[in-house]
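If you check Swiss-Prot, you get these features:
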TRANSMEM  23-43  transmembrane segment
TRANSMEM  70-90  transmembrane segment
TRANSMEM  91-111  transmembrane segment
TRANSMEM  127-147  transmembrane segment
TRANSMEM  171-191  transmembrane segment
TRANSMEM  196-216  transmembrane segment
TRANSMEM  236-256  transmembrane segment
TRANSMEM  260-280  transmembrane segment
TRANSMEM  286-306  transmembrane segment
TRANSMEM  334-354  transmembrane segment
Amino acid sequence: MLIFFNKYLHINLNILSYIPYRAIFSLLTSFFINLYIGPYFIYYFKKLQTYQIIRNNGPKTHYSKKNTPTMGGIFIIFSILFSTILYCNLSNIYIWYVISILIGYGLIGFIDDYKKIKYKNSQGLKLKWKYFFLSIIAFIFICMIKINNKDIISTELIIPFCIKNDFEINYLYIFLSYFVLVGTSNAVNLTDGLDGLAIMPVIFLTCGLTLISLFSDNINISHYLHVHYVKNSTELAILCMAIVGSGLGFLWFNSYPAKVFMGDVGSLALGGSLGAIAILLHQELLLIIMGGIFVFETISVILQIISFKIRKKRIFQMAPVHHHYEVKGILEPLIIVRFWIVSLILLLISLISLKVC
């Protein structure tokens, strides 16, 4: 929006023409918005009694969280949208693709949270309907980017740590994109089980995608680093920084002991947005490395289900795996910080892969 005013109202603020400055302003704006509005949201969440529903079969330590409000993802989404609309060039179609996922998946998460709170049940929206709506939005997103934008019509798959790292997969790319969108949103959702556990890996991952969006818009740098050239992808860096700032602002209230949880409205929206950005940048496989914590959590749930159905035995004492460590007696803050450390290391490994060959 500021770009529009600067151009058509002849304000001549040259600083707005520089991506790094707009990205920094975007981060700071979303951060301070959350710091300001967070206490008000938390107050009204408590007044409306939007408390986290605790599973009866969950860790006993979680009963102390039953009076902690959820649905904090609402003010995460608000601050991201505010900064994005304020600082991004809104003629850039990539921005609207990600915003559509942010809002669409956030709405599904909101309905899920609302049903949990209303009916005092941890199930919320039925699983089949949840995946149905997530899938519908995912396929609409994929169709839109393939029909409307020739710059990302390529169906090449970029494989990290390979000398010849681009492989043509044709129509399989549609299914890969679908699994990235739906999978990432649910992976973040599964990870969001401890205070601050999910939001910090989201921040790290988003920082990595920010760098790649900057590299991808320069044909020489993208060729040198073996990343896909995506024209005008630098605007995504501003949106990414809005996510980082919003995440840091939310962590202010979500760090142990949490005053608010993001709920499904936040985790589905953030996970879906990260998946969408990775698809636009052709970094679907690198996303798996960057978001290794989310992958680990998801695999732990899948293995637990398979093992119990086939062997009638559990691999983990409880899934997702962060609950396993809780049951083993490891303190919650230790689990959280160690997962953050692993997430940071995975980010560094993923960045090394850009020029390893």
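Placed from the backbone N, Cα and C atoms, the Cβ positions cover glycine too.
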Q. Are there 3 or more C-beta pairs under 8 Å linking the transmembrane segment (196-216) with the transmembrane segment (236-256), counting only pairs at least 6 apart in sequence?
A. yes
Q. Given pairs 6 or more apart, does the transmembrane segment (260-280) have at least three Cβ pairs under 8 Å with the transmembrane segment (91-111)?
A. yes
Q.
So if I exclude everything within five residues of the ends of the transmembrane segment (127-147), which remaining residues of that chain have a CB under 8 angstroms from its CBs? That is, six or more out.
A. 97, 100-101, 104-105, 108, 112, 153, 174, 177-178, 181-182, 185-186, 268, 272, 276, 279-280
Q) Taking the transmembrane segment (286-306) as the reference, which of 23-43, 70-90, 171-191 gives the largest number of Cβ pairs under 8 angstroms? A) 171-191
Q) What parts of the chain pack near the transmembrane segment (334-354), using Cβ distances under 8 Å and only residues at least 6 beyond its ends? A) 160-161, 194-197, 200-201, 204-205, 207-208, 211-212, 215, 225-227, 256, 286, 289-293, 322, 325-326
Q.
Can you work out which residues elsewhere in the same chain, 6+ from the ends of the transmembrane segment (23-43), have a Cβ less than 8 Å from its Cβ atoms?
A. 69, 72, 74-76, 78-80, 82-84, 86-88, 210, 237-246, 248-250, 252-253, 259-260
